[in-house]
Amino acid sequence: MKILRKNHPLLKIVNHSFIDLPTPSNISSWWNFGSLLGVCLIIQILTGLFLAMHYTSDTTTAFSSVAHICRDVNYGWLIRYLHANGASMFFICLFIHVGRGIYYGSYILSETWNIGIILFLTTMATAFVGYVLPWGQMSFWGATVITNLLSAIPYIGNTLVEWIWGGFSVDKATLTRFFAFHFILPFIITAFALVHLLFLHETGSNNPSGLNSDSDKIPFHPYYTIKDLLGIFLLLMVLMILALFFPDVLGDPDNFTPANPLNTPAHIKPEWYFLFAYAILRSIPNKLGGVLALILSILILAAFPLLNTSKQHGLIFRPVTQTIYWTFIANLLVLTWIGGQPVEYPFTTIGQIASITYFTIIIILMPVSNTIENNIIKL
């Protein structure tokens, strides 16, 4: 078997990626979230496949088909809630994974980092089109509001929106194409994830110390396979607790009402994992400015390798930037909270301050703190 896994054309790839892969001996539990994202993706594809067998992408029957899945299909309620809460677990792991990358300076591996940003955007797109499918009130109005933002693009905006809708409003054509997108995008994510891994294994993994670990590598199996299995067990435990005890805690009550184009909900808001970006969008009074800020809130991640001027790798020995980093995390939580609040004083003002702080920390404060720390080293 030892010879087979090293010589077989297919098993050789698996062997070099997951068994004999030389791995730094000191990577912590923060490095577990890559494998957890892989598990989340598998769970989402499998549960989604079973849901797609019973779902109908028609405006007249979509809401009823989701109710039918929950009531009449064997364990349909479980599959549906595993899928809905699995998306939340996916984004929790994704945010921690990106946060770890920023903290430990993983953006130095620029190819891996840039593919990661594409993965992040693709996952957000998948979650957005998926949220429209149950065809509840928040699904319908969320789709209307977010797709309508494209009308802010000069000259081609209105045409583009009608092209995406497949008509003059969000209707049957929109739901059908969103279902098609939601079905195909996870497989595109899987392909990008493989490319992400390919680039990572070209350079080798980063480690908490930020130092070169070539002299101290251990095989991935059994050390990190066991460690990953523990992480997977904990992830599944949290997911099952969510799905079985608190299935609707992260959802929106408005989505229990079928979509009605004639009745607008009091507060239109997306799922919790988009609230930070939604708060940034709402904090700018101009429509086009808001859309640009929304896009930049994610694309600014690509600036990290360019703005990094530090002579040290990661933040583990950099107290000044550490303080700024944790301020940034706190600011993200404030943005998430503001995104779920109504558009009125004082929430709008807090949102504007938090949005300015978000970009200021990344573009100005972090590079400045890097320079300060570089000068401290010289003393």
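Here, residue 1 is simply the first one shown, and the rest follow in order.
Note that Cβ sites are derived from N, Cα and C of the backbone, with glycine treated the same way.
The following features are taken from Swiss-Prot:
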BINDING   His83, His182  heme b b562 binding site
BINDING   His97, His196  heme b b566 binding site
BINDING   His201  ubiquinone binding site
TRANSMEM  33-53  transmembrane segment
TRANSMEM  77-98  transmembrane segment
TRANSMEM  113-133  transmembrane segment
TRANSMEM  178-198  transmembrane segment
TRANSMEM  226-246  transmembrane segment
TRANSMEM  288-308  transmembrane segment
TRANSMEM  320-340  transmembrane segment
TRANSMEM  347-367  transmembrane segment
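Sequence-remote contacts of a segment are chain residues at least 6 beyond its ends whose Cβ falls under 8 Å from one of its Cβ atoms, and for the transmembrane segment (226-246) they are 29, 32-33, 35-36, 39-40, 43, 78, 81-82, 85-86, 88-89, 93. Within the set of binding-site residues His83, His97, His182, the entry lying nearest in space to His201 (ubiquinone binding site) is His97 (CA atoms).
Here the listed stretches are 77-98, 113-133, 178-198, 320-340, and the one with the most C-beta pairs under 8 angstroms to the transmembrane segment (288-308) is 113-133. Touching of the transmembrane segment (178-198) and the transmembrane segment (33-53) is concluded from the presence of at least three CB pairs under 8 A, sequence neighbours closer than 6 excluded.
Residues near His182 (heme b b562 binding site) in space but far in sequence (CB under 8 A, at least 6 apart, same chain), listed by position: Gly48, Thr126, Val129, Gly130, Leu133. Sequence-distant contacts of the transmembrane segment (347-367) (same chain, at least 6 residues past either end, Cβ-Cβ under 8 Å): 279-280, 282-284, 293, 296-297, 300, 303-304, 307-309, 321, 324-325, 327-328, 331-332, 334-335, 338-339, 341. In the three-state DSSP scheme, His97 (heme b b566 binding site) falls into the helix class.
Counting every protein chain shown, the Cβ of His97 (heme b b566 binding site) has 20 other Cβ atoms within 10 Å.
Sparsest Cβ environment among the binding-site residues His83, His196, His201 (other Cβ atoms counted within 10 Å): His201.
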